[in-house]
Amino acid sequence: EATFSFKWLKWEWQTIASDEPPPEGCSAFVSIHGQQSCSTKDIKKLLKAAHLLDVCRSKPYLYKNDHTYPGVNKSDLPVVILYAEIGTKKFSSFHKVLTEKAEEGKLVYVLRHFLADPKPAKMLLSGYGVELAVKSTEYKAVDDTKVKGQLSGTNAGEDDNDEVQGFLFRTLKKSHPELQEQLTELRKHLLESTNDMAPLKVWEMQDLSFQAAARIMSVPKFDSLKVMKDLSQNFPSRARSLTRVAVTLEMRKEIEENQKYLSESLGVHPGDGELFVNGLHIDLDTHNPFSILEILRGEAKILEGLHNLEIKGEHQGKFLSLPVNTVDDSYTLDIRHPAIMWMNDIENDHIYQNWPSSLQELLRATFPGVIRQIRRNFFNLVLFLDPLQEESVELLKLAELFYKHKIPLRIGLVFVVNPRDDIDGFSDAGVGFYRLLNYIADEYDVPQAVMSMISLYSKMDVGGTLSAGTISAYLKRKYPKANPENILGAESEYDYKRKDGALFYKKSGLDALPLALFNGIPLNPDEMDPEELETIILQRIMDSTTAFQRAVFVGQLTEGLDVVDYLMEQPNVVPRMNPLILSTDRKYLDFTGRPGEWSTLCCLYQRASPGVRLGVIDNPSGKPSEDNTVLYRAVWASLLTQKNKAAAEFVQKLLKEEKSPTLEFVIPLQGMDVDAFEKKFNTLEVDFIRSQQLFCQDVLKLIPGQRAVISNGRIIGLLEEQEEFTEEDFHLLQKITLRGSAEKVKAQVKQMGMKAKHASDLLMKVDALLAAAPKREVRRDVHFIKDTHSVLHLSQRENEVFYDVVVIVDPLTREAQKISQLLIVLSQVANVKLQVFMNCKAKLSELPLKSFYRYVLDPDVTFLANETVSPGPVARFMDLPESPLLTLNMITPESWMVQAVSSPYDLDNIHLQEVNGVVTAEFELEHLLLEGHCFDLSTGQPPRGLQFTLGMSRDPLMYDTIVMANLGYFQLKANPGAWILRLRKGRSEEIYQILTHDGTDSPADAGDVIVVLNSFHSKIIKVRVQKKAEKIGEDLLSETTEGKGIWDSLVRWVIDDGQKKKEDDLNIFSVASGHLYERFLRIMMVSVLRHTKTPVKFWFLKNYLSPSFKETISHMAEKYSFQYELVQYKWPRWLHQQTEKQRIIWGYKILFLDVLFPLAVDKIIFVDADQIVRADLKELRDLDLEGAPYGYTPFCDSRREMEGYRFWKSGYWASHLGHRKYHISALYVVDLKKFRKIAAGDRLRGQYQALSQDPNSLSNLDQDLPNNMIHQVAIKSLPQEWLWCETWCDDSSKQTAKTIDLCNNPKTKEPKLTAAARIVPEWVEYDSEIKELLRKVQKQEEMAAQRQRPSSSSAKGKE
């Protein structure tokens, strides 16, 4: 059995608290703007100090998942953070004081869970897989050293509940206690006969998948999932029994029909595994139980909401599947406006008449970067300009440049000038400019007018502004025959549309002038620099061409359509830009509470324009009384009693009154129902207004007097005191609301046939519910043509919220191994309607599964018989066959970094025949991974060589990493808590700055990038950086730039004068897995040390080292005086995954050399574990690699009898290598400086990604990849004496060998241990020396353990 332990995530707040830090001896404390206290008495004093410090400036950072007490919504309140354990007396006394003050609006109260004295006990986790893969025994790789301390069979956890071939052994043993021993023997015999691991014939394998499906479908449906779990997870020992199962023709036909339909409708092929929850596709390769749980929680909110709104059955499914599109990334302003003065028209101007006009021209091939000249208005630039602004002239020059060079860009101008009637062109320069422009445009054309205006600007003094006198003088000089009075004067004929520009600009809601729209999309203010704008517009043209090509190709844009109309009728086009309405950060009310909670709101509405109800909620700024609520009550009385038109007129009249009306001034208008109005007005209580004020305060979180607008539950606001919400804003809000989901919800509600008022209420509530839900993928309608023989059905409980789960799975795949347990747990913890389709693969030619598997996932906390909590979930493998050699693999979520911490056994080579008792292993979740992608905003490319550090405010450099060129990827080890990501001090920080970041827990423009790890689910962030203005020309990896590059920015490890630098160390890298190779590794280390006087530092890949090696390495380091470091890197999720452990290890040898080691390490030598060194490796380190990033030894050619095994001398390798040699990967030296500089790691990963998709390529991954890349990443061939191997080299060359490698011999297949003792005489000596050291270490540990054990105790220590 394998167990897995880790401290629970309470540590998230523990680490945040330790960063405060907590005052000594406090079980609970408050932190108020950086000041801590253990006493409630100090709160008042600390609050006062916080006010003096300026509350807004000194506010602490709050995290998204902070528990904030619901209080008053004010931004200027001090924040009090309580760190305490809920349920303690100290918590209770703090909580009482803080809740009172929060409700009074004096502070914001935040609670963070904190334990003053946390227990060291670890918690067993679930949510991962454990695999025991059957291992090839072609080459014997098992250590012959005996393991001490075998566990007795008492911990075996023998489960007699398991029925074996029809015998129920627990029942039999109870009935016949005298036959215990014989029954145990019988059970063992039956198990051994069941677990027949004899190889199957090819013809026996062909139908295994169908036979497994037949077995699953033949049992009672409530046992089906258990049978699928057993068959898939124990397949190697169940395979033979499956060969005897008959498959009916009906089942085979039904599966084939369903597979044909699924292939056409969903693109699902035989053997594929897919999971759908309520139609949402959940990718089993990327999702884990924690991410699936998040999806289920999100779905539960919608499902329960619909259920509470009495929407059930088929209607629930229809509402769920509505395509709700609430938020667009970017919005477009409609540019079909008469206020725009167009300089040109590509479609109609004669200068473009020779251009082709067909849309098909878009699909014609051109050279990259060429802008197609087509006679259509595909690209439209609108400039909003104030003629008096200095920037306007440069933008007009740019417009002229585009026009003169015949760029296919329609250019429009909107001049925003003074709209007042009482001014003319002689008194206002802007008005004069506009009238003169119109005059020249009328006399000639708009392009000529623009050129004249540019000429006019040239007459201005440098740094001056345009004046009315300059315009008048220019007019007289350039157009002497024109009458200035007629053009610039009060009665000008050229003043038309002057107000239109200012009005269009105002109504559009755009930002400050000048600004530009490209096809209606506003450019950012920082893009408006005229020097940059030309490049930006040309890039936009190139980018949008792709979208047009797609539209033409799929038939959305056809020859008969006007291109501008097509653009302006897209769903993201709006009549006005208002960030409040268009913001992507949206808040919604929850209408799905108990019936009646919203009855007060339901009567507020009056019918407004078609499809809109308008309602009012009062939020007076003061305390409501009889005198100050006259206006509110009058408005309410009219809304509740009068027809729409009469009520609207009356309300408008009341609101126009300058003074607040008193009772005697509330005079009904003609046409109103006076009796009804007066009756309602006189009976309305002040408490009615007070209840609305309370509603605003408690539900909408408004303070008295604050204003907001609510549209179908979405809260837009808070509106500032002077902020207007205009008629245009209401029209925009209506459009956005309807387009998001309201129209679709309305159509669905109509089908339910409800009364109008109830239908309107339901529409509002459902719209709020669906729009508030996170944006998800499109839901699929997954069903099957027939479902009698091939689909397992499990029904849901009636009249309850349920999840509709559809699974498509081949029962003999890795997906089935995982999903069977997941479905069992899901059906226990949730109400599930389940359909499982047996997606069997036909005509198998090899065993589909070659491993035993357990998916550790518990539905709930379990208790033992004595009512204590059980230790937790473990992976338990029972009744395994004893003959095969097994290797253990942990299959964990992507963000977990795990290591084995306890096991005396060789987990790489488990042979149960040689074990007495139970093999146990304990793994630990050591780190959670923070992953990210980083790009340079200026180039759009990853900044190669950029370094990040991760830490906390008190310890800013705890982990560091380097950015890969592949996808700008980086990863950092972390643990639960709040972390700060920074650029590393030195070259990275000198050249770059962080501009924006996504997926983090701090605002996108915040200086410090704060990331909170509070989930077992992956955390992936995006960081965008930019070079500082003064460092634009510098390169991080350059050695010639000022400062001598990144390498010299690192701290030099210098000791005293006369002593050698750390750079003189010999850095040796190696990997090993399994006790045998760790034994070889120790011998290799001693052989290295015996032949050098240079200080040595060993680097080991931590991922696969056994606990026993990690425990003893420190003793070796002490005896032999060397340094060592364990390095770790998680295989990135985007890089093609290997499944076999040996191939994963090979991958680590070559794919991550640039990121595994600190940047201060210049050279590293890789030495295989099974090598013996006979020379000083300093020679190899100092060898000139002649510009190559690494040096390898070629394979020997001297042993003639092995000629037939030299695969590199024929076929692909012979033609690929040409005159070059094929190199062996057992020993190589890497110049990491050069390696990183030429991005060798990124190139190797790129080639690996391309080749590894084919399972037949890269059969020797660590060797084939560098040899395949020899033309792109040069290899320096090392002298042959650097690696001698008996398999390939003749005996005479052994004399000069500097290293001896124990290569496998494909001819003799001699075991490694035998070969080592025979080939290398000193190997036995080294081996004995190390064994003696390990014996001494073990003896010391046993003696230390005995001294710690109380002498009176005779109990055995817990293993």
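Glycine too: its Cβ is placed from the backbone N, Cα and C atoms.
Of the candidate ranges 142-162, 1339-1359, TrEMBL annotates residues 1339-1359 with the feature region 'Disordered'. In the domain 'UGGT thioredoxin-like' (193-321), the DSSP tally of helix, strand and coil residues is 83 helix, 7 strand, 39 coil.
Listed stretches 18-119, 193-321, 605-771, 1066-1333 were compared with the domain 'UGGT thioredoxin-like' (334-581); the greatest number of C-beta pairs under 8 angstroms is found for 605-771.
DSSP states for the domain 'UGGT thioredoxin-like' (18-119), grouped as helix (H, G, I), strand (E, B) and coil, give 29 helix, 21 strand, 52 coil. The average pLDDT for the domain 'UDP-glucose:glycoprotein glucosyltransferase thioredoxin-like' (605-771) in the predicted structure is 81.
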